[in-house]
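In what follows, a structure is listed as structure tokens, so that the remarks can point back to it.
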Amino acid sequence: MNLINEKLNNLENNAAKSPKEAVVLLNMGGPNSLYEVGVFLKNMFDDPFILTIKNNFMRKMVGKMIVNSRIEKSKKIYEKLGGKSPLTPITFALTERLNELDPSRFYTYAMRYTPPYASMVLQDLALKEVESLVFFSMYPQYSSTTTLSSFNDAFNALKSLETFRPKVRVIERFYADKKLNEIILNTILSALNNRKSQDFVLIFSVHGLPKSIVDAGDTYQQECEHHVSLLKELMQQKNIPFKEVLLSYQSKLGPMKWLEPSTEELIEKHRKSHVIIYPLAFTIDNSETLYELDMQYRLMAERLAIKEYLVCPCLNDSIEFAKFIIGLVENLKSE
């Protein structure tokens, strides 16, 4: 964490002559050490957009019970990932690349549940006398549990800075952009590494949600389904056939009814096939991609004797994704 802070400070100091527009990448964050696992879980399950219990006291009590039941298991997961989440260092690397490619703006990031928090980042941008901000959701599809939670946090942090009133614009979803979907398709083809696509069942795995949240009006499921349909159209245009192309939901928690089918269920259903997974709701690798998809489900695939099991990386700090982000920000300026 100290190394990341040092690099972040250096990066921000180098921008001191600074562009007057800043782009803040918003994401959920992840533990920067095993010590932060408890902080991460506590903040997540105290979020009313995640745990939608209206009574504040009850939400905190239920949240505490969930944290206590999960903390040791979560620590073991992060131990397998080197003692921390990869999300923060990869996001930092992405902002470095963005600042190299586009010195006309200052790119930074804020996390929802672990440092650097939006309040910390915005205080720094106020000192830099930034005149305009772009809050950029790192979630391709919109959900109240992710996008809205991050925006709400960022705007509340901004309101607390009484003398800092920059112009603010937002990018809240980008899944329908053809350039993004071409990058995703190229990532899938790269993971196939000249294997025949028609031999594989392609599963687009996204983070699951309790069905009650979708029933209350959250558009996440609809947008994920639309995203898959757009990718199918692009595959047809480029004549890239798969045995099947499917959408699944991962990371179910608790006894509630969640969106279906689950990723586990589809992997088991296609046990006699070659399977390739693309993490469609994530832009940066995290425990749900590197542990759940690439370790936990891989072991399951081996037990099921699946012929071949591949997991695609997220877009991460790739130059293609960085250029895509810059393009979205440029288009926002011209609108």
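Including glycine, each Cβ sits where the backbone N, Cα and C put it.
As written in Swiss-Prot, here are the features:
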type	residues	note
BINDING	HIS207, GLU288	Fe cation binding site
Would you mind checking how many other C-beta atoms are within 10 angstroms of the C-beta on HIS207 (Fe cation binding site)?
24
For GLU288 (Fe cation binding site), what residues in its own chain, 6 or more apart in sequence, show a Cβ-Cβ distance under 8 Å?
HIS207, GLN250, SER251, PRO279, PHE282
